[in-house]
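As structure tokens, the structure follows; a few thoughts come after it.
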Amino acid sequence: MATDNTKRKAAIIGSGNIGTDLMIKIMRRSRHLDVAAMVGIDPASDGLARAAKLGVATTHEGVQGLTRLSVFDEIDFVFDATSAGAHVKNDAFLRTLKPGIRVIDLTPAAIGPYCVPVVNLDAHLDAPNVNMVTCGGQATIPMVAAVSRVAKVHYAEIVASISSRSAGPGTRANIDEFTETTSKAIEAVGGAGKGKAIIVLNPAEPPLMMRDTVYVLSEAADRAQIEASVERMAAAVQAYVPGYRLKQSVQFDDIPANAPLHIPGLGRFSGLKTSVFIEVEGAAHYLPAYAGNLDIMTSAALATAERMAASLVNA
């Protein structure tokens, strides 16, 4: 295990729900990272108060404030949990001072390559900026990729249902970016010819856990092989998101050539339809257990940065 002297120092930009949960996760679970700074814009935010109480350097003056902290010179990793628009500016500003800094983007900005740890992290260990897609993407793209490993996927559609209470101002401000980024990543990372993403904010009380439905249209293939691939992938995600689970058995439907589906932008489809149903329970480090959508983002971001930091140690 890495000692405090060999751990890489990290800063978190965004002192809201995601940033605060990420800070606690790093403190409790990280082998290679140490939280050195928490950055916000609201001096009264709970995240900054908690960070200060835990001995972490704080600033409420945004990314400019981060660069004025004495610890900035030691920072190797930055997690950005702000918004898509803010991230573009934050990354550009940081690189004027530290061109080689590693940035883990938890917004839908996607100025770096999409990263879903169980699918394509190995290809991006040296990337200066990686994008964690979205909560829906982290939950569902592994399932699309699992089918892609067995059969050619022509189309994949995901529906992410999250509790309204777990959707903070950042999530709500990025709904359009959420659907666009997730759809593109379903194709680029999941391997689908065409992808579509839908997000549903569920106002139910008491709040429901995150649930995701994945529909995959592929060429005909061995159902047992697809099911086994899905189960292996779910187990791989569970390694860093323990609350991730298949809600029920994988379902299959044959779409015959004489009764094809019509997919907008794709045309007629016949082949195999695979349906996967997922539930994500949060670890409740800082956020409630129903906020699995936020937990999977912070867990995936930490898993990504851990591997990157470990690769630097072993280089």
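Using N, Cα and C of the backbone, Cβ positions are placed for all residues, glycine too.
Counting Cβ atoms from all protein chains shown, CYS135 (active site, acyl-thioester intermediate) has 30 others lying within 10 Å of its own Cβ. Feature annotation from Swiss-Prot assigns active site, acyl-thioester intermediate to CYS135; the stated evidence is sequence analysis.
Annotation note: SER15 (NAD(+) binding site) sits in a coil segment as assigned by DSSP. Among the features that Swiss-Prot reports, NAD(+) binding site is placed at SER15, GLY16, ASN17, ILE18, SER166, ALA167, GLY168, PRO169, GLY170, THR171, ARG172, ALA173, ASN174, ASN293, with the record citing sequence analysis.
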Enter the number of other CB atoms within 10 angstroms of the CB of GLY170 (NAD(+) binding site). 20
Compute all pairwise C-alpha distances among SER15, GLY16, ASN17, ILE18, SER166, ALA167, GLY168, PRO169, GLY170, THR171, ARG172, ALA173, ASN174, ASN293, the residues listed as binding NAD(+), and give the largest one in whole angstrom. 17
Least buried by Cβ count (within 10 Å) of the binding-site residues ASN17, ASN174: ASN174
Cβ neighbour count within 10 Å of GLY168 (NAD(+) binding site): 13
For SER15 (NAD(+) binding site), write down the residues of its own chain that are at least 6 apart in sequence and whose Cβ falls under 8 Å from its Cβ; none is a fine answer. MET38, VAL39, GLY40, ASP42, SER45, ASP46, GLY47, LEU48, ALA51, THR58
